[in-house]
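Colleague: Quick one: this structure, given as structure tokens, is what I'll be asking you about.
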Amino acid sequence: MAARLAVSRWRAAPAAAGRGPLLSCRRWSGAKADTLYDVVVSGGGLVGTAMACALGHDIHFSDKKILLLEAGPKKVWEKLPETYSNRVSSISPGSATLLSSFGAWDHICNMRYRAFRRMQVWDACSEALIMFDKDNLDDMGYIVENDVIMRALTKQLEAVSDRVTVLYRSRAVGYTWPYPFTMADSSPWVHITLGDGSTLQTKLLIGADGHNSGVRQAAGIQNVSWSYDQSAVVATLHLSEATENNVAWQRFLPSGPIALLPLSDTLSSLVWSTSHEHAAELVGMDEEKFVDTVNSAFWSDANHTDLIDAAGSLLQSAVAFLKPTKVSARQMPPSVARVDAKSRVLFPLGLGHAAEYVRPRLALIGDAAHRVHPLAGQGVNMGFGDVSSLVRHLSAAAFNGKDLGSMSHLTGYETDRQRHNTALLAATDLLKRLYSTRAAPLVLLRTWGLQATNAVSPLKEQIIAFASK
Amino acid sequence: MWGGRKLSSCGNRFVGGLRSRCWGTRAEGARLSSSAENQFSWTPQTNPWVFSEYSMMWFKSYRITFACLSRMKIYRYPWTRLYGTSQTTVDSSEIKTFVALAHRWWDEQGVYAPLHSMNDLRVPFIRDNLLKTVAHHQPGKPLSGMKILDVGCGGGLLTEPLGRLGASVIGIDPVDENIKTAQHHKSFDPVLEKRIEYRACSLEEIVEETAETFDAVVASEVIEHVIDLETFIQCCYQVLKFGGSLFITTVNKTQLSYALGIVFSEQIAGIVPKGTHTWEKFVSPEKLESILESNGLSVHTVAGMLYNPFSGYWHWSENTSLNYAAHAVKSMRQEPPVPAGFVFTGKTEELHDKDSINPGVQEELKK
């Protein structure tokens, strides 16, 4: 008895001293009348909605109750606007498979998307380039507007509204976690308190609430993060002339990578990661100047130095000698004529990785678990990969009658995804740092490295395969 | 980490009960209270006074638990001593034991971790064999419409997954505390509350009222604790519907099972609590098959199971010399019960002596 009093005392103390949106931990089951959900997904972004959708369509979840909590208002989707949105994502074939598994990809195909077959990545400080090309007729990836993806997901979510409930304008303000072991009278479920005071219980809470995840903070999961003193500028650009436009272009400038992603025959999307000041300047400058800046960023050779050029051409001739058939001449991206009015927006960049993806009755997916630089176009794909893996584990657990919040299958998901995500995060961070400098030795290293990688086709295929998952 | 009961953590048990319990919680505490905010200390690491209080409670409960467990071993299936100590009234010192036992049954990384991870094998085994008997099933509730009896359900480790899969399950166990734990654990889930019923009794007690009502009877890790296996199997036969399935998992009686199952698991590594098993009561698959066949249950499957103490997971195996699972189906029963050792192939036998057939079977034959 005394021990139990002591237990409740030490639990109250940290709760009282705790900062942030944390209520004191209630232990009694006076909340037994609350609805008990099987799964609650906190966060209705791309990844959270995809998670709710995938679970709702899963056959082993036919009699389970799923809830999606979204802080924003319900969006009424009218006709698709003519103008393209400036926030786009590069969807890998693996993510496309996930989306088609619950029927969302068909909706996307009926709206609009752009498949690309080739990707050219090159350096501003040298002639080195790498060209990713799929020899067979498969697509390397798809450029889809985020709004289009959300529309498709929402449509599929409405199709399973008997299983999945969506609460809009609902923000969770407090979480009560279960004890690691069963104690008399303590509820084994996660209790969530919403902003309007209502409470609900769940057997599994999935945190999909973005890189400032409230769920992750409330659980006290350590997050390794740093900000890249960079912001990304996005815009919708009109090309000078209509082209086939199925190539994705990315050039590494010393200030940061600039990418041109195809949207249609005449439109492309720009993603330019650069320093905060330069980004603000780009968003503020008038349209003509902006267009000129973009064109010169892609075309200008101002950053070339003779030393690097000589070294680069040396390796290039060696490669050409060894593999005379493969000639990768540097191709130029299409030139830009106009920029869509009001389509220029900037947002800050950073890296983040949660030390643990899972706790008993808790799993993190998407940006809540990992945040990455957009230079590899992998952010949302990693999130969709998390969804794929977690749905697979949960579906098997449900078919085995397991308690959904049990660590035994949640750790399987964590191991699965941490292996993949950590490697990708590390590689992206390394590339970002490697290409942020003008120092000659590093430029030389990366020039030769890029040329060598370009020459070794199996290596390129491995890279494509890893990024396509 | 959060993995199953692994061999590395068993080294602690070797040293002593008290310390192992504290080390376990300390390791968890270190991992869980590592964040800078420290809002959720899962263990009372921050308060030394509380810590020692907690450890005293564990020490006492650990000793009491062991006494209880050794009692459980003896009185698990007391056919001759039906109303033994399992019917004691719960007194205040037992409340602490109850709390400790409750923790033990449902702590997935605790003493019963191997039983928790055995669910990965036995639930699909039961589910898939039962699904073979139906033409189509409801997605999400594959076992709905089935009535299952879980004999020796303990804390309900196997009963709950079967309930989640849609079956109506009755779990019985002669130990009162186990039933209380199981009741308490399922009370939080409204779906399970409806589908599962627990009773503190033995199989013999309910044979009369539940004759021929169950689609399946599950006796997992039970027959090695039973005193009279023949009577037990006969009772299982009686409560099964015609065509119903009997699922048994148990330990083989071999030298290997003595070495690994008793000496290593109990005495050295502490994977299984000491005194849980008695080698003499282990049953070999051949003996089990002969008893089943002679009592009208035709054996469909016998499969070996192996436990990897390092990973904490079970695997199916060709080798039945340690643990094994058996699936038998109640088929036509023509002969009166014969002594074990005389093996029938029940299906092809003709009817002989009607007088000595059980009333239940007689009704079945009349249909």
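Cβ coordinates are placed from backbone N, Cα and C, and glycine is handled just like the others.
Taken from TrEMBL, the feature S-adenosyl-L-methionine binding site covers B:Arg122, B:Gly152, B:Asp173, B:Ser220. Taken from TrEMBL, the feature Mg(2+) binding site applies to B:Glu221, B:Glu224, B:His225.
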Colleague: Got a sec? Which of these binding-site residues, B:Asp173, B:Glu221, B:Glu224, has the most Cβ atoms within 10 Å?
Modeller: B:Asp173
Colleague: Using only the Cα atoms of B:Arg122, B:Gly152, B:Asp173, B:Ser220, which the record gives as binding S-adenosyl-L-methionine, return the largest interatomic distance in Å, rounded to a whole number.
Modeller: 19
Colleague: Among the binding-site residues listed here (B:Arg122, B:Gly152, B:Asp173), which has the Cα closest to the Cα of B:Glu221 (Mg(2+) binding site)?
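Modeller: Going through B:Arg122, B:Gly152, B:Asp173 one by one, the Cα closest to that of B:Glu221 (Mg(2+) binding site) is B:Gly152.
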Colleague: What Cα-Cα separation, expressed in whole Å, is found between B:Asp173 (S-adenosyl-L-methionine binding site) and B:His225 (Mg(2+) binding site)?
Modeller: 12
Colleague: Of B:Arg122, B:His225, which of the binding-site residues has the most Cβ neighbours inside 10 Å?
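Modeller: Per the Cβ count, the most surrounded site is B:Arg122.
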Colleague: Count the other Cβ atoms sitting within 10 Å of the Cβ of B:Ser220 (S-adenosyl-L-methionine binding site), across every protein chain shown.
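Modeller: The Cβ of B:Ser220 (S-adenosyl-L-methionine binding site) has 24 Cβ neighbours within 10 Å.
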Colleague: Give the distance between the Cα atoms of B:His225 (Mg(2+) binding site) and B:Gly152 (S-adenosyl-L-methionine binding site), rounded to the nearest whole Å.
Modeller: 10
Colleague: Taking 10 A as the limit, how many CB atoms besides its own sit near the CB of B:Gly152 (S-adenosyl-L-methionine binding site)?
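Modeller: The Cβ of B:Gly152 (S-adenosyl-L-methionine binding site) has 24 Cβ neighbours within 10 Å.
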